[in-house]
């Protein structure tokens, strides 16, 4: 008898929740609150807690402390409470359960004190800073004939801002019979965390944009370095869930309107508003699009080509000067002037012709040269090169000589023609 009395305290707590049934648990209303002793299914990432003899599943935007044992969110009853240490598997949850096989282990009923997390929303009571934008009182969804412009994606949910209120795409709806029309349904978002993230610029390059963009912007969360979990999109009762967890999980409360919450996760990376580093980009472009010009190599190459051209022209000019010298010194016309011997014989002995002496006084004075200065092309540039004065003076002398010879030949030919016409 004494042994039986000692066993009573052990039996009574175990069956203390036996008054609850599956039907009574499912009939309980949803509650937006903070639960302790929370555990997570390792496969589905759903979060569960026992409360008042029932098993509750966290849906929508879930915000937890650093150790993830205390979470704030919208809690939905999905069945009877799971006995300790049986986890969220199919055996514990049954047809109304919240998890796939063997997912996770429930902590003891009286766990340690939660470690404060690094969240903007307080996971202990769901409070948030005053003054943030709130959803209008009207909870009715809007139906659109086509996908609206300037929407944005976050955690696989599609959102838009409409007159200061956020709405989330929750699927298509058909109306009418003849014809049947399909509409895109956008349900108002009631998540405080989602509004906080949107209006405080925690969505990188997505909170404010304009234009006519058909494709949604893909947002990246840029809040604090996060110890926060990332809840599954449209989190419901899990893969093993029956009518209790499944139906509540996919609706607008379970994941449609609240499934894309900001504080529920994201990469946690980045800081600030994504300032563009123009100087860094300019240096990168400079390094990629320019090259370090070898000034010495460019000058050497240009000088080599100019020297080659000057040598060729110098050889030709030397030959021409030799021919002209022979003609001027009375050695007879040679080279380029060999064909003019007969004409020269008619007017005298080369440059000593009396005809030239008579007209020498009428020839203009020779021009005076000025001091030479090197010709520099592209000064201060990588492709800079210069032409020295020795080559410039050579060109000037040859060019002047050619002008004189051309003038001489023109005058000579003119008077020769006059003499020939006179003799004929």
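Note: Cβ is positioned from N, Cα and C throughout, glycine not excepted.
According to Swiss-Prot, the features are:
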SIGNAL    1-18  signal peptide
REGION    19-85  region 'N1'
DISULFID  25-54  disulfide bond
DISULFID  64-71  disulfide bond
REGION    83-147  region 'Disordered'
REGION    86-104  region 'G1 (Gly-rich linker)'
COMPBIAS  86-105  compositional bias 'Gly residues'
REGION    105-141  region 'Hinge'
COMPBIAS  132-147  compositional bias 'Polar residues'
REGION    142-228  region 'N2'
DISULFID  206-219  disulfide bond
REGION    222-279  region 'Disordered'
COMPBIAS  235-273  compositional bias 'Gly residues'
REGION    236-274  region 'G2 (Gly-rich linker)'
REGION    253-262  region 'Not essential for gene 3 function'
REGION    275-424  region 'CT'
TRANSMEM  398-418  transmembrane segment
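A straight line from the CA of residue 64 (disulfide bond) to the CA of residue 25 (disulfide bond) spans 24 Å. Across the disulfide-bonded residues listed here (25, 71, 219), the residue whose Cβ sits among the most other Cβ atoms within 10 Å is 71. In space, 71 is the closest of the disulfide-bonded residues 25, 54, 71 to residue 219 (disulfide bond), judged by Cα positions.
The distance from the Cα of residue 54 (disulfide bond) to the Cα of residue 71 (disulfide bond) comes to 17 Å. Residue 64 (disulfide bond) counts 27 other C-beta atoms within 10 Å of its own C-beta, drawing on all protein chains shown. The two recorded residues, residue 71 (disulfide bond) and residue 25 (disulfide bond), show a Cα separation of 20 Å.
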